[in-house]
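Going by TrEMBL, these are the annotated features:
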TRANSMEM  15-36  transmembrane segment
TRANSMEM  200-221  transmembrane segment
TRANSMEM  228-249  transmembrane segment
TRANSMEM  269-290  transmembrane segment
TRANSMEM  311-332  transmembrane segment
TRANSMEM  365-392  transmembrane segment
TRANSMEM  518-539  transmembrane segment
TRANSMEM  545-562  transmembrane segment
Amino acid sequence: REWRPAIRRECTDPLWLLLFLLFWAGLVFITGYAVMAGAAERLVLGYDSFGNICGRKNTPVKGAPLSGRDMTNKKYVFFLNSCSLEMQSLKISSVSLCVSSCPQEQLNSLEDLQSFARNNGSCLCVYSLNISSYTLSPKADELCPTLPVPPSKSFPLFNRCVPQNPECYSKYASVLISMVNEMDGFHRILSGILAGRDTVIGLSCLALAFSFILVLAFRFIRTLLVHTLIALVVFGLLFGSGVLWWLYYDYRNDPSTELETEKENVKFLLGYAIFSTIVTVVLLSLLFVLRKRLQFTVQLFRIVGKIIGRIPFLLFQPLWTFLILIVFWVFWVAVLLSLGTAGTAQTTSGGQVEYRTLSGVSYMAWYHFVGLIWTSEFILACQQMTIAGAVVTCYFNRNKNSPPPHPVLSSVSVLFCYHLGTAVKGSFLITILRIPRIVLLYLYNILKQKESGCAKCLFKCCFCWFWCQESGLRYFNQHAYTATAINGTNFCTSAKDAVFILAKNSTKLVSISCFGDFILFLGKVFVVCFTVFGGLMAFNYHRELQAWVVPLLLVGFFSYLMSHSFLSVFEVTADAMFLCFAVDMETNDGSAEKPYFVDQELL
């Protein structure tokens, strides 16, 4: 095959691009359904028995005359029978109201209720009863709270008025604990995400700052900087593992651990601690074995730095990728939260409202989750093809003193005009390998309760096998993207050509490429370690009723994707340069008829 940047290109893998567009049509349908039928505020803000969400304006519900009220100044949920709550089918059998403030003192009579409403502007009786009628209406006993009303305090915990009387508090807490424990994990996770959304956003910005600092550091890398990075990674691994084990010990020995979410935190912390310890041992062993090749790594990144110096706008490419990923993640989480609360409002006797989840929402959630993986991988694949295209354009340029103008913009235009289908296909293959791992994880959690040792070992082996396949596929995907940038061929043809050319030069290039990728991987570990450590410290102060291990897992996932998005500039540049060099050596001999494209300054 003639390995040269194609002068005439044509669209590659168009059917895969059409499939991706059809898949996104399904995501748009789910988004529309979630927006129309969902109300994520119900998870945290709370709502009364008449369909009004506390702390916001509401729209009327047909058949519920007390719905559609403006509750902007009424942020707390108050139960009329707070001392005698019962739970039936995940519903608290007591009328609930939205109030502006909770009673700080015990109210013993209807006159006290009337005086409290006039002085504080907080009505503790059903909305249909006027304040002046508290002591006159014969239905006041039904429409007002059970007397005496115990003093309560408005906790920022699901925005409930929690009674302070010891006897009432114990009954209230037991019912609330039972309700949270019987909630399905999907809704507990959504509640944890909503409660910790500010922390997740802040930690994502911290990961962005760490990633940007590392990009600048690798651009001007020196021996001392490599030693500093390795020292920080070692410190982060040891310190992070120690903190995880300490938090696990602290949670396990906490006598107040009653909620199912807190028990889940303990189990996840144990898993995090074991995983972190294993990763620490493996990376420290690799660092010890490869310590003598440190100086060679510095030379490798100096060469890559020279190439990036010729295309300085490559350093800004991860910023655009990061912004696109952030917009997509925010969109994805917003749709997920709305989807988790999607349901129809149905009126019951007395004009009360119940929200009933429709069947099929769980299938939509799985479809939406596949969309997260596939779209995220597609965005990263587009960045890889953009960088590879820019490197190929500059490498196969005869006049090194006059580089091609705007190689990044040229690469982006070629990608969008011809090769989006190739990026879709490569990202789809990664997604296909991830889905079986998710299914295996679900089955593993089911069989784990049966304590089948053989099944556990089998599942762990399958996890390792799929992970190795995914890692190998990512490596070949990158070279396939580079081959597509050179020849303009489809994904399968480019992958085959790249494998053949790399197989002939494996002894020269594999060790160089793998060790450089290992150092870049340490940089990603550095970002994840310190971001997750910040998340541990932040979430540890919000234990109550939060499944914060899931937001912490999201933080780790997002921080890894951010660091990968930024540091992949050097990784993709090095891999593209190696493939271009192998093609150059294969198709040219250095003679006047077939001179090398390689710049002697880079050797």
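The chain as shown is numbered from 1 upward.
Including glycine, each Cβ sits where the backbone N, Cα and C put it.
Segment contact holds for the transmembrane segment (365-392) and the transmembrane segment (15-36), given three or more CB pairs below 8 angstroms at sequence separation of 6 or more. Beyond its flanks by at least six residues, the transmembrane segment (228-249) meets 214, 217, 266, 269-270, 272-273, 276-277, 279-280, 283-284, 287, 519, 522-523, 525-526, 529-530, 532-533, 536, 540 of its own chain at Cβ-Cβ distances under 8 Å. Beyond the transmembrane segment (200-221), the same-chain residues lying 6 or more positions past its ends with a Cβ under 8 Å from any Cβ of the stretch are 193, 229, 298, 301-302, 305, 308, 315, 318, 322, 326, 520, 523, 526-528, 530-531, 534-535, 538, 551, 554-555, 558-559, 562-563, 565-567, 569-570.
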